[in-house]
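Chemist: Take this structure first; my questions come after.
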């Protein structure tokens, strides 16, 4: 019934506490399905960065994203033709995106206004028709990373708008510009299933890994958030007021506690792993095999459990929920940074860096999911991830349980670091013989011979110190004994050390020095105290209860913690509740109870399990008189066979209830004994007040009383009043003194007897320093502190401060700089006084700024600082090497003999390298590939075609490709290309150092060659000069590069510093509230 009973009850309690917090799982589930809607976002982002494998710009894409400014002095026809071409290809009105101007100054103003203040995502181009001699036009393209294909498409439109033959513009029916990157991963082993985006999108092998990266970042953020708001808050709710530590000290098993937490956590993580596997299955139906999905599930489960284990570890490191949240945020930042680094920077980096980053396996979640789904592994690190994750998960769980025993913010045992290898942890301690130290002295009542010592303390000392303050002793050489079958009341004013004593005896705090034993077993040693958990019941000063639990759940869990079943203990518990008057509240929630009722529940928990020693720290707080009487009556019943130790501020309660009283002042025991002994020790004397009829009778009355009774002393007299005092030790003479006063009735108007109670003396001691109280006990004048006259005389003896003879110098107000400097010094001192401030104001900002610096260093390694603002794209010399090799692709025609689509190397070479057809042209390394009819993606990404395309890898920059569905003109009186001809011009990028400028220049040159060759082929007239000059220049999109990157840097820097300062304020206030 021990382990399994505790485990089952804890499981129910945790589920009840989490209750509505389970709804936060929906946020995690949304993030787990984010791969479906993140794919398009990542695809667009990669296109902007120029990282997509295959990027294609056709009429529709061009019409959506471009604005054209045309300078048309006497060239309105070309601008209109350009507008008609775009509208025919796109199918919608392009009037709002094309602007004409007749002044160069106005055109420049319009263009730069569009360039800098353009609409989001739009590109601006400027065309000056007929600017140069010979009718050549000037085109300025705006080039943005990932959108460079728009420039050669624009150049094609401008060039084509000037090709007039017999009033007809000769253009292709459809054309596009594409770019094919060499970094492509073909999923040859998993291609299959339905025609989903995973199969039909040519960029899926490139976009999918980045989609997993973005999805993993969302999942990690929401997962840590869920674990914090659901599991962590429940754990801290149990720990907040010490309820969980009380249960551990009553005998609750640490393994049962963690088993219950991990049962729920494992179920949640398995659910999340199943959801993310389902998300991939839904996104790509029948695309991934069952083995790959199982590997993905197992890998995700291990990684999710590892994240959960790390977050749970933070619940052991600190007692503050806010600081634990700061640790979670820091961990999340590190993990997300590693996820980004693995995919963005370290994919081709040194392998040893990846091995070093294995110390944070959760940062490799994206790589592990990708490897599990595709069976593609870039290096040995990815293949090790499953084993590394499992190993780190086991280590994290073991360290969590270990630190739970060691850290003071854990379960409260605070065992030594080597406890696991110590025999005292595995075997019960033996009783130690103790010296029979006698307490007898003037201020300590001697114990009776038949009293049995159950708790003994000797030289207990507790000091508190910090780097900025001296040691302060809360307890100083505390030595006393507590006996069986007795209620011992520890009495003292605020700050006297009562609660510290209770905490040391209960094990909540460790003593700085000294020894305390329970039944001759030392409890100041943490290892022996671990085995004495069932012998001590403890009710702390502040109720250690959980508001959202019911009284029944709270008490049942306490009963099971003692190792006993509820069925056997139910009657005993109900008797305690009935005695305290709260049996009817057993099904009520704790938060609905009054302060008095909560206090009674705390007392009940302390009495559960019949502990040998019961420690009650101010148990009657917030109780009314009847409730206090019930409590004292219950304790008198319970004390048989036990020792009940009660701390209280009220000595009258101790006098009425306790068998023995211990008086604490300034951390020292000044007096100990029975209530009657205390009256004598405190000199609770009797005051006889007499009012004589005249002042002349006073001397006679004094002489008459003092001469007959030697123990009666004159206390004071004035006018006709006189006061006598009688010690409490001589209370037997009160009756004779009264009789003597009655004989003097003719001289007396009235008389009375006043007795100074313990409470009168005790209440006056509150305003006296502890050292003065000690001096009063030594001098025997403790009884006089109850006299207000003496107190007034003491105040009157204080000399007033004489005013100075000369006025002092008037201090000037400090300057602004001095004020700021003083505030700075004060802030620095406050920072170093608190660990929380050191972490939030110094450590976290430095760490975040270091991450920014590391990112800037890695970004600089990409050589992105060499940005050229203006570039000449018509300089053919820079692309001469690129256009001396290439690929021509076309469909296989059934009538090859009578159709032009059967290209030869000569024609292909002319289209790629030269505007003139010549028999002497010798193409270099040209490939002519015949492919079945299909779309551009199918043609380019067919495995055998892609393999041949990679033979262009020897090219230094780009390798041009021409793709046409039909290279034969329509047979008409005047052949045209306007029926069904589709031509695509692009390039294969074989190098990792991709430069958009070379690609654009190459595409523009190939477009020009192709257009001239096709027109000459139609008219078969080499003398016809169809070459139309166009000068193209490109301007970089500074708005999309410089401003965004540096704005992002400033934003991240701001986010790095401001929130941690705010978090510092929140945690400081929370710590202050917790201290108060």
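For all residues, glycine too, the Cβ spot is worked out from N, Cα and C.
Unlike curated entries, TrEMBL annotations are predicted automatically.
Annotations per TrEMBL:
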type: TRANSMEM; residues: 20-39; note: transmembrane segment
type: TRANSMEM; residues: 216-238; note: transmembrane segment
type: TRANSMEM; residues: 258-282; note: transmembrane segment
type: TRANSMEM; residues: 294-316; note: transmembrane segment
type: TRANSMEM; residues: 322-340; note: transmembrane segment
type: TRANSMEM; residues: 352-372; note: transmembrane segment
type: TRANSMEM; residues: 384-405; note: transmembrane segment
type: DOMAIN; residues: 455-691; note: domain 'ABC transporter'
type: TRANSMEM; residues: 838-858; note: transmembrane segment
type: TRANSMEM; residues: 1045-1062; note: transmembrane segment
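Could you give the neighbours, burial and distances for every feature on this list?
Modeler: Remote same-chain partners of the transmembrane segment (216-238), defined as residues 6 or more beyond its termini with a Cβ less than 8 Å from a stretch Cβ, comprise 14, 17-18, 21-22, 24-25, 27-28, 30-32, 34, 38, 244, 261, 264-265, 272, 276, 304, 307-308, 311-312, 314-315, 321, 324-325, 328, 331-332, 335-336, 339-340, 362, 365-366, 369, 546, 548.
Residues 220, 223-224, 227-228, 231-232, 235-236, 261, 265-266, 268-270, 272-274, 276-277, 280, 288, 324, 327-328, 331, 335, 361-362, 365, 368-369, 371-373, 385-386, 389-390, 392-393, 396-397, 399-400, 403-404, 407, 409-410 of the same chain lie 6 or more positions beyond the ends of the transmembrane segment (294-316) yet place their CB under 8 Å from a CB of it.
Beyond the ends of the transmembrane segment (352-372), by six or more residues, the same chain brings 208-209, 212-213, 215-216, 219-220, 276, 292, 295-296, 298-300, 303, 306-307, 310, 334-339, 341-343, 346, 378-379, 381-386, 388-389, 392 to within a C-beta distance below 8 angstroms of the stretch.
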Chemist: In the same chain, which residue numbers or ranges, 6 or more beyond the ends of the transmembrane segment (384-405), come under 8 angstroms Cβ to Cβ?
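Modeler: Residues 254-255, 258, 262, 298-299, 302-303, 305-306, 309-310, 312-313, 316-317, 358, 361, 364, 367-368, 371, 411, 413, 415, 419-420.
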